[in-house]
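Notes follow once the structure below has been shown.
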Amino acid sequence: MAHSQVAYLIPLKADLKEDNSSPRITLSEGPNIIGRGNVSIVDKRLSRKHITFIVSTSGSASLSVDGTNPVVIRSSGDGERKKVKPSEEVSVCNDDLIELIPGHHFFKLVLLNGRAAKKARKAEDDVEAIRRFCPPNEKLPSTFRLLSVDALPDWANTSCVSINDVIEGDVVAAILSNYMVDIDWLMSACPKLANIPQVMVIHGEGDGRQEYIQRKKPANWILHKPRLPISFGTHHSKAIFLVYPRGVRVVVHTANLIHVDWNNKSQGLWMQDFPWKDDDKDPPKGCGFEGDLIDYLNVLKWPEFTANLPGRGNVKINAAFFKKFDYSDATVRLIASVPGYHTGFNLNKWGHMKLRTILQECIFDREFRRSPLIYQFSSLGSLDEKWLAEFGNSLSSGITEDKTPLGPGDSLIIWPTVEDVRCSLEGYAAGNAIPSPLKNVEKPFLKKYWARWKADHSARGRAMPHIKTFTRYNDQKIAWFLLTSSNLSKAAWGALQKNNSQLMIRSYELGVLFLPSPIKTQGCVFSCTESNPSVMKAKQETKDEVEKRSKLVTMTWQGDRDLPEIISLPVPYQLPPKPYSPEDVPWSWDRGYSKKDVYGQVWPR
């Protein structure tokens, strides 16, 4: 149970004005340890346990020095400066200034009581919404989860996942699809992989890295780099396919298989388990998800391999193998890109035209007519206004129940500023994973689109985004939401050519699309790793319940999340987004920055 928030420490600049580039520190009822780990300051004179605040709901507070260096308290009453030595304890008052090192690192103490504390607690509920994101098992496949971030407190990683939460149980065969693969980190982070009989790694690494992986990998692993028929393309899809004796687990996520992506950044992951088709029953009708998946896997053309499956013998693992599973309970659609010049029937199978085609078939609530669109990603291609309009047309598709088109809405691009990167958990080093050059970022027509990466409610304001999402929303309600590997580029999404009769795509990408869908009031949640899946209570369905559709909302939506139709998505950034101020500068990685980051570094190093 979280303690009540009863105070703030507000960071100040040297002129004692509030420093908006650094986060406030929340103080709860009882003892609060402040030190090097929870202030965005790099100074070896700060101890990991530097000071302790003890704060009560009545408005009283005391400070004791635990570190080896003294702290200075500047009284809000008479301005007197008092030095507090190690092991000493003093009372502190509202608006007192604290110098963590005498003459350096200024903070103002703001104590809350009565009505102010109640208001602050409500604000804290919004600020720390990730605390309440605990979807029940039956709703997990209908939402996604954020990856855990090492530097954040436990509450900030509520319902978040690590690689060992995904690759678990008695896996018989695994296919790991990604762009970058650090084999040394992967084997140390997920030792389970060493015991899986058959592992295939589909990757996008260059020749040098591929040779290194080839030397370091276990003997039973197979490497495959899909063909790239058009220059400047990459294999960028991030997915995991795990075959179990009970079924298959499909995972789509946004992280490279490297340490910083799984530990330091804002990332997203969706997964769902599917059972084998029952040979004794009529095969289930084909569904959209199965078609999406098999179409995509067919294009990868990996070298077929054999796995020994308990009770099934030796089975060839190829694209057709994945037809053996029952995807009828799939909660998402797959949106994939594959390189090529796509015409005819294939024009609508890939990239933004696939997304357009699916949205055109969907019915949305009237409140989403002309509602805004969000483009959030970590690498910006070389764009022009003509293509951005083409892309926006696809994302604006869909109709209401009276057949009225949703129509275009205002679009915003959520993108970190230079200050966001400088003050991030990784400092300027985070900019390595936001690899967009000045020539792409500073095109004049983009200025009207820029919006801030604000993520207080998910505690990820300083965990720079590698997650990629595209969505249409109205306040805290969501029409649809796409979690994907695709950045905002023609290479990833495709560009129409030849009078819109051909779609040219350079890269492989994969994403999952969350849509309002019919609510199932009975059934069970299938699991590949649990022998007793959680069973939902069966009941007689009324006509209204049969027709009821799910409603997608953010974590900060104010309503009853326990209703069966409510699907809460952990959208990590603030909606509506805050547009850039005149002082905000979008990050570009080939510019020099002389203002030191939280580790005392400049850019480039």
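Please read every residue number as a count from 1 along the shown chain.
Cβ atoms here come from the backbone N, Cα and C positions, even for glycine.
Please treat TrEMBL annotations as automatic predictions, because they have not gone through curation.
Database features (TrEMBL):
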{"type": "ACT_SITE", "residues": "His236", "note": "active site, nucleophile"}
{"type": "BINDING", "residues": "Lys238, Lys468", "note": "substrate binding site"}
{"type": "ACT_SITE", "residues": "His466", "note": "active site, proton donor/acceptor"}
{"type": "SITE", "residues": "Ser489", "note": "site 'Interaction with DNA'"}
Distance, His466 (active site, proton donor/acceptor) to Lys238 (substrate binding site) (CA atoms, angstrom): 12
Neighbour-count leader, CB within 10 A, recorded positions: Lys238, His466: Lys238
C-alpha spacing of the residue listed as 'active site, nucleophile' relative to Ser489 (site 'Interaction with DNA'), in angstrom: 13
Whole-number Å value for how far the residue listed as 'active site, proton donor/acceptor' lies from His236 (active site, nucleophile) (Cα to Cα): 13
Cβ neighbours within the same chain of Lys468 (substrate binding site) - under 8 Å, at least six residues apart: Thr254, Gln376, Phe377, Ser378, Leu483, Thr484, Ser485, Ser486, Asn487, Gly511
Cβ atoms near Ser489 (site 'Interaction with DNA') (within 10 Å, other residues, all chains): 23
